[in-house]
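Trainee: Mind looking over this structure? Questions follow.
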Amino acid sequence: MCGENSSSLAPGFFVLNGIPGLEAAHTWIALPFCFMYITAVLGNGGLIYLISHEEALHRPMYYFLALLSFTDVTLCTTTVPNMLCIFWFNLKEIHFNACLAQMFFVHMLTGMESGVLMLMALDRYVAICHPLRYSTILTNPVITKAGLATFLRSVLLILPFTFLTKRLPYCRSNFIPHTYCDHMSVAKVSYGNFKVNAIYGLMVALLIGVFDICCISMSYTMILRAVVSLSSADARHKAFSTCTSHICAIAITYVPAFFTFFAHRFGGHNIPHHIHIIVANIYLLLPPTMNPIVYGVKTKQIREGVIKFLLGDRLSLPKTNES
């Protein structure tokens, strides 16, 4: 707590303590995080390169996947290098403005990731329920506008976090029990009233997370109805197979997100704090790490694209819309 004579101006820096209670194991904890980060950068960078250079992958589904990969690799890059500096070199100080910038990008990019998953669900709905109109509905201008709208939604909803957090009074030096600057973790170290921050954070979670999940659920409900109505078992299997990668990506993203959200608000006294921090880091690292692997394994066109890249022009990819 700050004393009465402490300055209420913004502090020069924050101190990120890493994972409280596990300081002695920081060096070893950093190893899997580092491995996941390298895998995420290589996997997502490879996907973006493959989609941009392989003509057979110039389809709406893969454009959205490239956008997801770019969002994922940017998200983990905003946190992991700084996290590794904390774990390996004990470089815990972060400038106040740099902390606010990191906080903005973390939440903006997680909102962007959720929005892209929602757009990918709508893409699968159009591909399966309106296959003859697929190319006329999801044109390049429509895809560009949808991506831009998702980006602007995240920016406009997350930007107030920065101002709401900056207005709070702090001591000159503040210790944050976290590995990165999370919105509520920063707000809670102030000695002011952060109730507005908590309420607005909940509103943003509802406006982004709940809205996207509802759209995804509606899309897959209509997809399921359309697939069940198909008379051919092979057609049903093919239709379902085009969605498996996306369903896996949804599970990888939202399961740790829900755990973090509900545990933070309803299980704070029952779950150790270091578990909160570890799951929060997994929430940021798991989707970027696993999504390229899932799509590489589950999507035939991407597998063939990788083989063609490795073998040169000896393999031609069929120009198909479906995975």
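For all residues, glycine too, the Cβ spot is worked out from N, Cα and C.
The following feature annotations were taken from TrEMBL:
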type: TRANSMEM; residues: 28-50; note: transmembrane segment
type: DOMAIN; residues: 43-295; note: domain 'G-protein coupled receptors family 1 profile'
type: TRANSMEM; residues: 62-89; note: transmembrane segment
type: TRANSMEM; residues: 101-122; note: transmembrane segment
type: TRANSMEM; residues: 142-164; note: transmembrane segment
type: TRANSMEM; residues: 198-227; note: transmembrane segment
type: TRANSMEM; residues: 239-263; note: transmembrane segment
type: TRANSMEM; residues: 275-297; note: transmembrane segment
Trainee: So, does the transmembrane segment (28-50) come close enough to the transmembrane segment (198-227) to give 3+ Cβ pairs below 8 Å, pairs being at least 6 apart in sequence?
Mentor: no
Trainee: Who are the long-range neighbours of the transmembrane segment (142-164) in its own chain, taking Cβ under 8 Å and residues 6 or more past its ends?
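Mentor: Residues 60, 63-64, 67, 100, 103-104, 107-109, 111-112, 115-116, 118-119, 183, 187, 196-197, 200-201, 204, 207-208 contact the transmembrane segment (142-164) from elsewhere in the chain.
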Trainee: Mind checking which residues of the chain, 6+ beyond the ends of the transmembrane segment (101-122), have their Cβ under 8 Å from one of its Cβ atoms?
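Mentor: For the transmembrane segment (101-122), the list is 61, 64-65, 67-68, 71-72, 74-75, 78-79, 82, 94, 146-147, 150-151, 153-155, 157-159, 161-162, 165, 180-183, 186, 204, 208-209, 211-212, 215-216, 219-220, 246, 249-250, 253, 257, 284, 287.
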